[in-house]
């Protein structure tokens, strides 16, 4: 950051096109993304798609994307809208605002790696896929990702603090004389801790608390490590895994683009790559040292950060539309749910119960070899040892010439 610039972020970007677009686009991304993620969770939880092992990953991804939109994105938008830094008003938010963003984005990126790896095994190792990716194993794997992301993001809490700073503010001559007269009989200690301190040069020093870092070098180093873990490493893994999957599908030559879940998840991974790449590049640009000595360098950094941050946020909104546009099965299940909610008719109720009972029956059936043998032996043969003969007209004749109906 530029040390010589006395203007804050909102003063530098005030009235610029970048800030206006950010203020107008972010509410749309927030509302549409939150609604889309909720619908995605409903489809993968209620319908037949929950039978897919990858459904747990998509549900977890929708939850994490919603949290990114709810906490870091919405709070930053409110700061730009109100032109006020919430981190300076609360020590708790000062220490945790970056922690939430790092944790949720790390979970989102590594869940994308899991989705890409799951599709890699489904295409290259189809016979081992159902053994490797059961619902239980994936659930604990997702839980491990959440815990690990939380632990490796806690560094942010320990590198920031609230510090006392002063800022010179120009005052008119009349205001200066009035303030000097009012503070004439006040002790020096009180003047130091007051919000304003008068200087002889018609300046007032505004004393305030601001959220700052302990060490800039440590903050930049840990920030770059987090960017590598949250963005660079997932970018490489997702790119390599999806490249091999696409190569395998091209070798097969027969892929139904409108119904294949593999194609849908590949598209989700590719959109994630394209949306997060600009933000990764901005972090490299952020580490470049100031070469101007004024506010122009800082303004350029903030402008590009706002642009790349908005592009990154589109990724957390787009998955629902990618599922809908690329998967006919997802659209059919979503349409059935919407009709079920809006028109609670008998046929829509039967639509829901039919799918629920189908899944429950498949889960509860546990047929063993011994049970099959016992069922086979329990069947009554056509000619038994007791001498009973089944005649064509439905009667039964025994050895003692008694007649009984079967």
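Glycine is treated like the rest: Cβ placed from N, Cα and C.
Remember, TrEMBL labels are computer predictions, not curated facts.
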Among 306-325, 326-345, 346-365, TrEMBL marks as transmembrane the stretch 306-325
Over the domain 'G-protein coupled receptors family 1 profile' (36-323) the mean pLDDT stands at 83
Given the transmembrane segment (261-286), its same-chain partners at Cβ distance under 8 Å and 6+ residues beyond its ends are 52, 54, 109, 112, 115-116, 118-119, 122-123, 223-224, 227, 231-232, 235, 238-239, 241-242, 245-246, 249, 255, 301, 304-305, 307-309, 311-312, 314-315, 318-319, 322-323, 326-327, 329-330
Between the transmembrane segment (228-249) and the stretches 21-47, 98-117, 138-160, the largest tally of CB pairs under 8 Å belongs to 98-117
